[in-house]
Every structure is written in structure tokens, then in C-alpha cells.
Amino acid sequence: MEEDRAILTFHRIPSLNSSLITTSSPAKSGAEQFRRRVLRNPARGDFGLGRFACISLVEKCEQREFAPTTAQLLNNPLAILALVPKDAAIFAAGALAGAAAKTVTAPLDRIKLLMQTHGIRLGQQSAKKAIGFIEAITLIAKEEGVKGYWKGNLPQVIRVLPYSAVQLLAYESYKNLFKGKDDQLSVIGRLAAGACAGMTSTLLTYPLDVLRLRLAVEPGYRTMSQVALSMLRDEGIASFYYGLGPSLVGIAPYIAVNFCIFDLVKKSLPEEYRKKAQSSLLTAVLSAGIATLTCYPLDTVRRQMQMRGTPYKSIPEAFAGIIDRDGLIGLYRGFLPNALKTLPNSSIRLTTFDMVKRLIATSEKQLQKISDDNRNRDQAQ
């Protein structure tokens, strides 16, 4: 007997006249008609009639799933996507979009990192001679060749697969968490969801970010495992978390502003423009640009705190040291290549993610239509 099945037991009552509880059943045709009309799909049961009482028992069963046939799925291939768990589809979309975007923009990221960490790598006095954008491009080509522009990209891709996937999936989850009593998401709720998503993804993948930085800016070619073992042996496990504080502080407002502006601008567009890829792309560029301009100084601080031999132990100390040495402009070193990298990077991620969400919604509608058609056909028989 199934564990979730209802059980009805009868107990004899000695003092009760048995003639009062003799049961009778309706005619077979009547019972069959009852089953067809009342117990057709969602339930099963039986009933009895007697002089003492009339007992009717109906056991609820699972609703029948009018699953699509193979032929129906072949005729409506988009419906196959709806069979994949939604969270898994969003996770995969975020991972692939992030990896593609990072690989395309890897040369700009390498240039930015060299510009940001120039002073720490060469010593505080040498930092006065800031390396420029063109100079960084020339330096990489001269010393390392074309492949030097992608140095450190492998750990970056390995990191960005879970990072991007977790971030985008977490954002959707946090948005549901921060909805108000009216089931609406306020601006504050969107900002909070973005901040929490950014910190969650950063915390989970931070050691790979530090490893990627060391591979990108330290001289010579070494493998990921060689750099990781060197860090562990010379600096300890804590070296994988250098700069975590400013990273969390920096990523929280960046993702909050970026995602919030993207959502709000898309929401304000007329209905006919919301579903266009061009609208998503332009909105993503705008949101990424504002977020980058606002939060870039914290990125410079965290990068300098991640370096071996850094003199900075806290965020205020790093801010003061950079401003004292280079002025306010020092906080924006590498901003140009970062902007050139971040705008397409973030735009590709958000646009791809937005398109995949719409694709998932369309596939769910197709699958529902197939199920409804199957149900109507079954009931008509």
C-alpha cells in the first residue's frame, strides 16, 4: 500500500444493532458513472450506503501530467528548454556568458592590471613614473608577445564560470527575498539584492581572483599550480584572501548600481522596446558605465592590497597612501582600459542573461500549450 494513501478502518461496536449498519452499494452502472464524473483524473475512491450512515471516501492523487510526446517536442524544439530546471538554465547561461565576455576582453584586463599595480611591482619611488595605456600595450608586446595579452586568462575563465553563474542566479533569488508585502521590489530592494549577489559570488571565488592577478602581473611564465604552491609556501593560506575586505566593499555597490539601473531602465521602456536585444545592450552599457565610474577607486585599492609586498593593511590606509603618492588621479589608474573592458564585458553578460530569461519564458509557454492540448484531447475522449 502506498505510504501517502488514505486508510479507513472499521471497529465493531458490540452494543450496536448490526441491522443498522448493513451497507449496500449502488448499481454498477451508477458507480461507474460516479467514477467517470467525479473521480476521473485527480482522485480515486469508493463509497457505501447504509441505514446507519452514508460514507463517501475520496482519495486525492497527483494531477496527471499530460507530458509531451517525442514527436511534439521535435515539432516544438524550444519546449525542450522548459524541461531543464529553470535555475540550472540560468546558472549555465550566466557561466557561458561570463566566460565568453572575459576571454574577449582579456587583453584590456591585463593592461589595466599592469597600470594599477605598477607602483607596487617596481617599488614606491618608481611609482612616480606611472605607466600609461599605450606604454602598457607596447611593454606586453615587447616582453611577452601576443600571447602575453591573455596571460592569466585561464584562472580568470575558471573563476568567472562559477562567479558569473552564481552572481546572476543569486540576484534573481535575492530579488524574491527582498520583495515587499505587495510582492513588489523597491529601488532599495534592488540595490540590496545586487549588493548581496555581488558579495556572495566574490566570497566564493576570491582565491581564484588573487591567483589570476599574480599570474597576470608577476614576471615570467608559471602555471596556476606553481603560483598557488608558491603563495601557500611563502605567504600562507591567508595570501589567497589578501584584499578581500575592499573587494567585498567594492563589488557590493558596483553590482548594486549596475543591476539596479539595468532593471529600472528596462522597466521604464515602452513594452515594444523591452524585448529588443538592442535595448538590452544599450541599457547594459549605460548601467555598467555609471557603476564603473562610481566604484573604480575601490577596485584600485583592492588590487594594490592583493599584491605581494603591499604596504597597506587597511582600506583607509590604502586610500591615504595612493592619494598622498599620486593624488586623486592615482585612484583612477587604468580606468580607460577598464572602461573599454567593463562596458562590453558587462553588456554581453547582462544582455545574454536577459535574452536567456525571455527564451526560458517562451519555452515554458510552449510546453504549457502542449500540455493543455493533450489534456483537452484526453477529456474529449
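Glycine too: its Cβ is placed from the backbone N, Cα and C atoms.
Quick look at what Swiss-Prot annotates:
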BINDING   ARG159, ARG302  ADP binding site
REPEAT    85-177  repeat 'Solcar 1'
REPEAT    185-268  repeat 'Solcar 2'
REPEAT    279-359  repeat 'Solcar 3'
TRANSIT   1-26  transit peptide
TRANSMEM  78-98  transmembrane segment
TRANSMEM  154-179  transmembrane segment
TRANSMEM  191-211  transmembrane segment
TRANSMEM  237-257  transmembrane segment
TRANSMEM  281-301  transmembrane segment
TRANSMEM  334-360  transmembrane segment
Below 8 Å Cβ to Cβ and six or more residues apart, same chain only. Which residues does that give for ARG302 (ADP binding site)?
GLY243, PRO246, SER247, GLY250
Per the Cβ under 8 Å criterion, with at least 6 residues separating them from its ends, the transmembrane segment (237-257) contacts 167, 171, 190-199, 201-203, 206-207, 209-211, 231, 287, 290-292, 294-295, 298-299, 301-303, 305-308, 310, 314-315, 318
The repeat 'Solcar 2' (185-268) - residue tally per DSSP class, helix then strand then coil
73 helix, 0 strand, 11 coil
ARG159 (ADP binding site) has its Cβ surrounded, within 10 angstroms, by a count of other Cβ atoms equal to 23
Over the span of the repeat 'Solcar 1' (85-177), count residues by DSSP class, listing helix, strand and coil in order.
80 helix, 0 strand, 13 coil
Between 0 and 100, where does the mean pLDDT of the repeat 'Solcar 2' (185-268) sit?
86
For the repeat 'Solcar 3' (279-359), the DSSP residue counts stand at 70 helix, 0 strand, 11 coil
